[in-house]
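Visitor: Take a look at what Swiss-Prot says about it:
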TOPO_DOM  1-102  topological domain 'Cytoplasmic'
COMPBIAS  27-41  compositional bias 'Acidic residues'
TRANSMEM  103-123  transmembrane segment
TOPO_DOM  124-130  topological domain 'Extracellular'
TRANSMEM  131-151  transmembrane segment
TOPO_DOM  152-174  topological domain 'Cytoplasmic'
TRANSMEM  175-195  transmembrane segment
TOPO_DOM  196-201  topological domain 'Extracellular'
TRANSMEM  202-222  transmembrane segment
TOPO_DOM  223-236  topological domain 'Cytoplasmic'
TRANSMEM  237-257  transmembrane segment
TOPO_DOM  258-292  topological domain 'Extracellular'
TOPO_DOM  313-316  topological domain 'Extracellular'
TRANSMEM  317-337  transmembrane segment
TOPO_DOM  338-858  topological domain 'Cytoplasmic'
BINDING   419-539  nucleoside 3',5'-cyclic phosphate binding site
REPEAT    559-592  repeat 'ANK 1'
REPEAT    596-625  repeat 'ANK 2'
REPEAT    629-658  repeat 'ANK 3'
REPEAT    660-689  repeat 'ANK 4'
REPEAT    693-722  repeat 'ANK 5'
REPEAT    726-756  repeat 'ANK 6'
DOMAIN    772-858  domain 'KHA'
């Protein structure tokens, strides 16, 4: 594993600018009891971008390779040791020498904060010894100003350490540089040089901005869980009270010095008489006694004891005391409120400290590693400082209102995600109300390569990097994830291991969606699910890497289509009109078929749901679609006996489309299924369809003696002259059956058919008793020498056919033009109906005769 976080740091806010920490030695031993347990500092997680490279994901190096990329490198400033003082002339805030300097400046800040009101009230021109001390302090602050132009800081938005000198300088100039610089001016010398103008002395108060360093010190002590929180808070409150009274005492004395010596009696201290001691000519009294008297006046006034021994004399003093007492009421409320919070342990900081202690006990007990310790503490500190868990206050608000809040906060982000391009507003709304907001620090791994993923993430702010393992076993950066990006969707949608690691580069605000919730939404919004998979396959964000997953994506698209088709067919099968409409409204295509080629119309017709059939016809489902078994919706309705549905389909132009219709009808006749035969014939079935033996359904009915079936077939137009491959007609089958009624029915049908179609009698006769004739290739009057051997041929239906057949059998050459057939008397035969069975014919060319006829020659 690559280099992790270098050291632990104490949290400091530094005016919202940077948060320099304090590196402490980490305790590695587990404490035996709670009382003696080691308390750790709250740590600031370092800028860990580029850390944890190498072996963290080596176990998955053989899986899901995504190609080779050049890794992205980052420069990280040194953290510890003397070598880290300057890095490109930038000081790391965690350098131990710089931390010592900040403590040195803290001492001067305490001195300056207390001495500035004292100088303003009691001195008009510093004595020599205090003057040199003041100059030394200002020099120290000037050095600190110079150093702060080179101190790196942590960006509050990205949480990355900024080492750019220009950015550091601009940031400092925009913050406290002006006040720090003005505070270093020698205002005492300027006051004397300006002729002791009183207005100049007011500029001394600029130095009170240095009190912010003291405030930051107390704030860091409150967060340092090694120090008792109650003690820290009490010390802070005492210091606040003393500083307020100290400043008020200096102002009280200053008000008295603004009047000339001749009017000292009109001041609170000049008119003061304590016992036998008079404060007339108070400027000549010892400095300590004057300060203590002023401090006593300030404290008694703040406590509103009102002994009356010291009181205001002139109007200015009265006005200041009124302002001071009003301020004291606010200060008193602040002090009492803080003490109450200490007693009931209700402050946010104390809750954070308690939570941190519990976490540290857990980490010590389970002996967690250094890297995971840093991440846990960093997250706790982030929760405390950013207050991003404040959304928990909404838990008591109704779900509907929380949903509206989520839409207001997160909907713009989700709508801009490329993964959801083209999705419906209803789908986006369902996604938004199920989002959870999370923050991650730089360097943290959110998803690891090869792991099972059950969360989908969307980037609101910050930056992340996708890292894969190359063929050489080293980490390689695959892609950068910026705002409006998403990750985890490949593993979630394709149900495969995470193809690459996702690591935080900058402080990130992410929106998290649970896989189960996402799957549930996709089951309802089918079209949006297909759109998401399509967007994923077309995404350029992953470049060529997505090509390796195209088969998975295609498989899941097909799987989703098949599942959706089954759900539509299932709704049609059970006649669930509401569910069917909901599915189609959500984007399901009713024209799709299942694994057997069946559409919803097949199943609805099979079950006899007329309303479903009407709805599907309105949706444009193919009315004549055949499944893998050759069944159409109309045939399904006919088979199941749903006359109303069959009538509806037939009226819309549906066809029965019976494959091997003869076999179907013959089988139905054989089993006596009169209803099926009647419906099949009523909706377009052919009563004369033949099976593999050329038998018509009427053959089967006659052979089996099924009178009603035969009558049904005859009424539907079945021909009694149909012959099978053995030349048998239904009438022959009826005679063999021995059923008198059957024979009578078929004889009557024969008579009726002959009356309508007379030619059929001849056709049957020809088929039943075929005629033949003898054909000779010479003239009937030729002598014995010219006679030739003839052939016997069947008489076809046309004279041309007879000539052609005889020519072929006799082996005569030529096209057959000019050939004539003559009878025994030499007369030309023009029609096959003139030829009787067994007649002799002669095939000649031209008219023929003794004087001019010519016989056909081979």
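Each residue, glycine too, has its Cβ placed from N, Cα and C.
Help me picture these features in the structure, burial and contacts included.
Guide: Counting residues 6+ beyond its ends, the transmembrane segment (103-123) has Cβ neighbours under 8 Å at 130, 134, 137, 140-141, 144, 183, 188, 201-202, 204-205, 207-208, 210-211, 213-214, 217, 243, 246-247, 249-254, 257, 287, 290-291, 294 in the same chain.
If one looks beyond the topological domain 'Extracellular' (124-130) by at least 6 residues along the same chain, the residues whose Cβ comes under 8 Å of a Cβ in the stretch are 188, 191-192, 196, 201, 257.
Here the topological domain 'Extracellular' (196-201) has, by DSSP, the following mix of helix, strand and coil residues: 4 helix, 0 strand, 2 coil.
Across the topological domain 'Extracellular' (258-292), DSSP classifies residues as 15 helix, 4 strand, 16 coil.
The average per-residue pLDDT of the prediction over the topological domain 'Extracellular' (313-316) is 87, rounded to a whole number.
Sequence-distant neighbours of residue 515 (nucleoside 3',5'-cyclic phosphate binding site) (same chain, six or more apart, CB under 8 Å from its CB) are 453, 454, 455, 456, 492, listed in sequence order.
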Visitor: Helix, strand or coil for residue 467 (nucleoside 3',5'-cyclic phosphate binding site)? Use DSSP.
Guide: strand
Visitor: If you count other CB atoms within 10 A of each CB, which of 419, 435, 467 wins among these binding-site residues?
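Guide: Per the Cβ count within 10 Å, the most buried is 467.
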Visitor: Summarise the repeat 'ANK 3' (629-658) by DSSP state, stating how many residues are helix, strand and coil.
Guide: 17 helix, 0 strand, 13 coil
Visitor: If you count Cβ atoms within 10 Å of each one, which of the binding-site residues 483, 499 comes out on top?
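Guide: Counting every other Cβ within 10 Å of each candidate, the maximum falls on 499.
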Visitor: Counting only CB pairs under 8 A, let me know which of 131-151, 175-195, 317-337 has the most with the transmembrane segment (237-257).
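Guide: It is 317-337, which has the most Cβ pairs under 8 Å.
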Visitor: Non-local Cβ contacts of residue 531 (nucleoside 3',5'-cyclic phosphate binding site) (under 8 Å, 6 or more apart, same chain)?
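Guide: For residue 531 (nucleoside 3',5'-cyclic phosphate binding site), the qualifying residues are 421, 422, 423.
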Visitor: Looking only at residues six or more beyond either end of the topological domain 'Extracellular' (313-316), which have a C-beta under 8 A from one in the stretch?
Guide: 255, 258-259, 266-268, 270-271
Visitor: Which sequence-distant residues neighbour the topological domain 'Extracellular' (258-292)? Criterion: at least 6 residues beyond either end, Cβ under 8 Å.
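Guide: Non-local partners: 118, 122, 198, 249, 252, 309-314, 316-317.
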Visitor: Go through the chain and flag residues at least 6 beyond the ends of the repeat 'ANK 3' (629-658) whose CB is under 8 A from any CB in it; none is fine as an answer.
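Guide: Tertiary neighbours of the repeat 'ANK 3' (629-658) are 596, 599, 601-602, 604-610, 613-614, 617, 623, 664-665, 675-676, 679-680, 683-685, 689.
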